[in-house]
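What Swiss-Prot says about this one:
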BINDING   GLY13, ALA14, GLY15, HIS16, ALA17, GLY18  FAD binding site
BINDING   273-287  NAD(+) binding site
Amino acid sequence: MFNLRNFDVIVVGAGHAGTEAAMASSRMGCKTLLLTQKISDLGALSCNPAIGGIGKSHLVKEIDALGGMMAKAIDYSGIQFRILNSSKGPAVRSTRAQADKILYHETVKKILKKQNNLLILEAEVKDLIFKNYSVVGVLTQNEINFYSRSVVLAAGTFLGGKIHIGLKSYSAGRIGDKSAIDLSVRLRELSLRVNRLKTGTPPRIDINTVNFNNLLIQNSDTPVPVFSFMGNVSHHPKQIPCYLTHTNEKTHEIIRKNLDKSPIYTGFLKGLGPRYCPSIEDKIVRFPDRKSHQVFLEPEGLSSIKVYPNGISTSLPIEVQEQIVASIKGLEKSKIIRPGYAIEYDFFDPKDLNLTLESKLIKGLFFAGQINGTTGYEEAASQGLLAGLNAALSSKNTEGWFPRRDQAYLGVLIDDLTTQGTEEPYRMFTSRAEYRLSLREDNADLRLTEIGRKLGLVNDSRWIRYNQKVLNIQTEMNRLKKNKISPISPDADILKKLYNINLIKEISMSELLKRPQIRYQDLQSLESFRTGIVDLEAIGQIENEIKYAGYIKRQSEEIERHLKNENTFLSSICDYNKIRGLSSEVVKKLNDYKPISIGQASRISGITPAAISILLIHLKKESYKHTL
């Protein structure tokens, strides 16, 4: 039974960050309270009806490898699955799925309700309770105190949220939900650096008024991909297509004529928006020579009448939105059933956080999701999982954990945020990861599941399946190395005839698989192949490890060199003013950021190689003193 006032961890907000945070802490055995304005909105897909995409899918796979629920939820609710960048190398291939919004929410709700150690309550938090520079609980609007050892703030766009449609604006966390004004005001009274960001969403269109004839159709890939390492194609609901249309000169002219009604271009809206998901107004202004822009028509569900026109996010007045929609092929007679809008909200400087996502200023207070300056469900969920597990560790007085840049995209994300900060909504891309060949979708479990097991995040069924996959990979890779093909065998004739490979000496199956034109299924047609494996995940892993072995080895060597700096810690330095030779600018930045290692210090903007050399010399001198 719960003591209804005392918990180990309290999570404020039940979006993608909050739900993953609550799941992580409760799985680790902590009594967890999840507070939300509406239980009916648990894990809601507030904007686009999709999970994954370039770089984002890698985060989803990592969440799954650590026992999180996002991948499972989309497997049970995804109505169209595709592999992006399928013609490119495995490092940048990314899974993306359209979601049935209702099914997704219901799946998340079902998972949460089955979770032990978790209590979900409807309540709005208006204040935090502090004691000796530590957070010890929260106060709700109805004047109830809840106490805990740590608190995770995952409030999304609700802190000081303000919706803009044309030149009109009003307070809201998202359309139909009120903003968390009191908590926003209270947090601004603390010593936290806070600023404003904005994001936007397109109008929703009645599917019954769309003319899909003559539009480009996009079906699911065949075979249909699966997100979770525990997933199966049989988990997917019915698959339906999306459609592609375009804006045109008429659309662009309508927008140009009405820019004086845009809150973005009239100065009403100050917050910066996401660079990689701009409004249609931004596209027209920034790319005046473009004749058209893509618009993907994405159904919001199998039983929903809403269509999400991906590509025309806007905050123009509703009457202008109607003109824009009517100018687009296939939407000439369409009806808008919910207007597009921009929303402005508070975010807190992530440079004020440790790599565990705990505040440097307030012990036990963790931040996750959009309030850290990120955009996207996947970025939020991955932060939520990390904040939740570290809140749990903090409540047990145990040292926190975070992945390095060479271990996970999540490591890249938190290092970028806490080291460099952000002035615009941060979105994950594969290009942000310098070790992306080692951080593929297919090996997320091999990178993280053992760590998740030690942390208490991974259950027995996942652990058993993971170990079976590892065994399959090791056994088959050894078999392929031992299995040889003679240049005078029938298989050699097949290789010459079908693949133009002329064997002049005996070759192993493993060496043969290194050839770019040979796939694992090609080996299966050879007489000497004998019996292989049927585990498709293991097969994909084997192919990638063998084909890219040389590149992976070089990257591993680079990572080893990089780890020397990451493992050279700066915790012994309390005041950088005392180190001779550092410029005042460098001293200020180092004192402000308080990097944990030479590696992190080197990634701070303005920290020069010369400054790094001075720090290394200082550490060497201090080490020498201690040996005397």
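Count begins at 1; order follows the chain as displayed.
Yeah, the Cβs are placed from backbone N, Cα and C, and that goes for glycine too.
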>> Please report the Cα separation of ALA17 (FAD binding site) and ARG275 (NAD(+) binding site) in Å, rounded to an integer.
In response: 22
>> Check the DSSP secondary structure of HIS16 (FAD binding site), expressed as helix, strand or coil.
In response: helix
> Reported as an integer number of Å, what is the Cα distance between GLY15 (FAD binding site) and CYS277 (NAD(+) binding site)?
Replying inline: 20
>> Can you check which residue among the binding-site residues ALA14, ALA17, CYS277, VAL285 has the largest number of Cβ atoms within 10 Å of its own?
In response: ALA17
> Using C-alpha atoms, which one of the binding-site residues GLY13, ALA14, HIS16, GLY18 comes nearest to ARG275 (NAD(+) binding site)?
Replying inline: HIS16
> Counting distance between Cα atoms, which of the binding-site residues GLY13, ALA14, HIS16, GLY18 is nearest CYS277 (NAD(+) binding site)?
Replying inline: HIS16
> Where among the binding-site residues GLY13, GLY15, GLY18, GLY273 do you find the Cβ with the fewest other Cβ atoms within 10 Å?
Replying inline: GLY273
>> Nearest of the binding-site residues to HIS16 (FAD binding site) by CA-CA distance, picking from GLY273, SER279, PHE287?
In response: GLY273
> HIS16, ARG275, LYS283: which of these binding-site residues has the highest Cβ count within 10 Å of its own Cβ?
Replying inline: HIS16
> How big is the gap, in Å, between the Cα of VAL285 (NAD(+) binding site) and that of ALA14 (FAD binding site), rounded to a whole number?
Replying inline: 36
> Which whole-number value in Å describes the distance between the Cα atoms of GLU281 (NAD(+) binding site) and GLY13 (FAD binding site)?
Replying inline: 31
